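**Student:** Copied straight from TrEMBL:
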TRANSMEM  12-32  transmembrane segment
TRANSMEM  53-73  transmembrane segment
TRANSMEM  85-107  transmembrane segment
TRANSMEM  127-146  transmembrane segment
TRANSMEM  158-176  transmembrane segment
TRANSMEM  188-210  transmembrane segment
TRANSMEM  216-236  transmembrane segment
TRANSMEM  256-276  transmembrane segment
TRANSMEM  296-318  transmembrane segment
TRANSMEM  403-422  transmembrane segment
TRANSMEM  459-480  transmembrane segment
TRANSMEM  486-506  transmembrane segment
Amino acid sequence: MVSALEHWPLTAPLFVAAGAVVAAMLIGIAWWGTPGEDRLAQNAVQRLAKNSLAPITGQLASRAVDLVFAAFVLRLLGVTGNGEYAIAVVTWLYVKTISDFGLGLLVTREIARNPDDAGRLVGISTLLRVVVLGVLLVPVAAYVLGSLELTKLSTASSIAIVLLTISIVPSSYTEAINSAFNGFERMALPAILNLFTNVSRAGFGFAALFAGYGVVGLAAVALLSTLISTIAYHVALRHLGVKATWAWNWADARQLMVLAWPLLLNALLLNLFFRADVFVIQASQGDHALGIYDAAYKFINLLLLIPAYFTLAAFPILSRYAADNPGRFIKSYRLAAKFMLVIAWPVVIGTMALAPLFIGVLGGDAFLPDSANVLRILVWFAPLSYVNGITQYVLVAANQQRTITWAFGAAVAFNIVANLLLVPEYGYLAAAAVTVATEAVLFLVLSRPVRQYVGEIRWLSLMIGPTGAAIAMAAVEIVGRPLGPIPAVAVATMVYLGALVMFRVIGSREVGIARALLGRPDPITL
């Protein structure tokens, strides 16, 4: 199929047309919005469900588009080409994280507390992001020029880094508007906009790939898609009744920087210990090894969506409970952490069984068995990573964001040292193992501020039920392997659900929350 599309002269023009049509639909959706959204959120639990399920559904659909797109990317770029683009994307991730300066979460919190300030916060946070990006241009240029000689960074990678860095300018405004939607607990429309942006990007991306523009073409498409998305978000802002105020104020900027500085460090450290291994692999093992490693990460990025959007949806509610109801605050944290574990364990067991199938469908034989082996190690990050994700937001909601900086610092220090010691000798498998170990380090270090500022969490009793159910699932999957990987995982998942009930992981409180989701008059709330 890929070969036939490569040789068909109309492939690229048709994909350009498809991308343009979807982009036009994107602008139309931004204008019309999501009528009737408020009727779906009559209580805190329903708001949490709407604001987590809508983004999760949208992002899962977006990632499904990404996976289809990645299947073509991996086949058309090959292992080495995939590595060349991966180093550009991770470099962009670092620059974008720093330029964001932790403002996304901070502006969400401030707008949730004071909606009348939304216009000012959208404007000043956008301008501040652009100023920080301007400061970063010198180190980015130094990295690109130095790496061309020292680590044999390819010319295609360097051009892609430049294009992706430029895309951060319009995305700064997009991120500010997205924070406003989050602060108003209106997350459904951004989820839809992101989905259509992704579909449009895929259309233009297919055109670039089949036209032979490779890594540079993909980066150019990313820039174009970002511009289209920014226009859509600007149009959508009308639904909040908010108008951005474009006035630079040094006092406001300084105040935001002081408040956001710990959040920047935490966001940077989080991204650092997750993807610092990319630079070590590229420098010591080359683009081919990085291409193998990055193929496994296509699935890991999908798995990260579940905790990211659940915690973001829960954050406004947790922020109010932290200020007004400490008892409900800690109960909500325990419940959220247990929910994260319940979700994470079947992800681990299922991925262990299906990794070769996933990689084979995604990238083909060129990535087997190496990328599947990487994925089987990486996926063990999920249980503690999901819990660490909600813990970070809980501490921010308690206005203790500065306390988690040292925890992330310790995790990053461990990760960098371990990668530098192990990856040059043992390659990408060592990098995968270090990623999992880093989550354990972070969990242990975060436990102290949680006890001090939130309350005592009996982690053993909280974890034993979901973990016991996971062991039962794994045992059934192993026994059922003669049936084939998919039937074995399906049967094992049913056993897992039954084990959750047997181990009383699902009880009356969870039933009460289910009733609240359905709008029943139940006294149990988050």
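We count from 1, first residue shown onward.
Heads up, the Cβ atoms here are built off N, Cα and C, so glycines get one too.
Looking at the shown structure, can you explain where the listed features end up?
**Tutor:** Same-chain residues lying 6+ beyond the ends of the transmembrane segment (12-32) with a Cβ under 8 Å from its Cβ atoms: 189, 192-193, 196-197, 199-204, 206-208, 210-211, 228-229, 231-233, 235-236, 238.
Panel annotation: around the transmembrane segment (85-107), residues 73, 77, 121-122, 125, 128-130, 132-133, 136, 140, 143, 153, 156-157, 160-161, 164-165, 167-168, 171-172, 175-176, 178-180, 183, 215, 218-219, 256-257, 259-268, 271-272, 275, 278-279, 282, 287, 290-291, 293-294, 297, 315, 396 of the same chain, lying at least six beyond its termini, place a Cβ under 8 Å from a Cβ of the stretch.
Beyond the transmembrane segment (127-146), the same-chain residues lying 6 or more positions past its ends with a Cβ under 8 Å from any Cβ of the stretch are 91, 95, 98-101, 103, 153, 158, 161-162, 165, 168-169, 172, 175-176, 246, 248, 253, 256-257.
Same-chain neighbours of the transmembrane segment (158-176): 84-85, 88-89, 91-92, 95-96, 99-100, 103-104, 107, 121-123, 125-126, 129-130, 133, 137, 140, 144, 147-148, 215-216, 218-220, 222-223, 226-227, 229-230, 233-234, 244, counting only residues six or more beyond its ends whose CB sits under 8 Å from a CB of the stretch.
Note on the transmembrane segment (216-236): residues 23, 26-27, 29-31, 33, 73, 85, 88, 156, 159-161, 163-164, 166-167, 170-171, 173-174, 177-178, 181, 189-190, 193-194, 196-197, 200-201, 204-205, 207-209 of its chain, located 6 or more positions outside it, place their CB under 8 angstroms from a CB of the stretch.
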**Student:** Any chance the transmembrane segment (53-73) and the transmembrane segment (486-506) are in contact, meaning at least three CB pairs closer than 8 A with a sequence separation of 6+?
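**Tutor:** These two segments do not touch.
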**Student:** Checking distant contacts: for the transmembrane segment (403-422), what same-chain residues at least six beyond its ends satisfy Cβ-Cβ under 8 A?
**Tutor:** 262, 265-266, 269-270, 272-273, 276-277, 280, 392, 395-396, 430-431, 433-435, 437-439, 441-442, 445-446, 448-449, 452-453
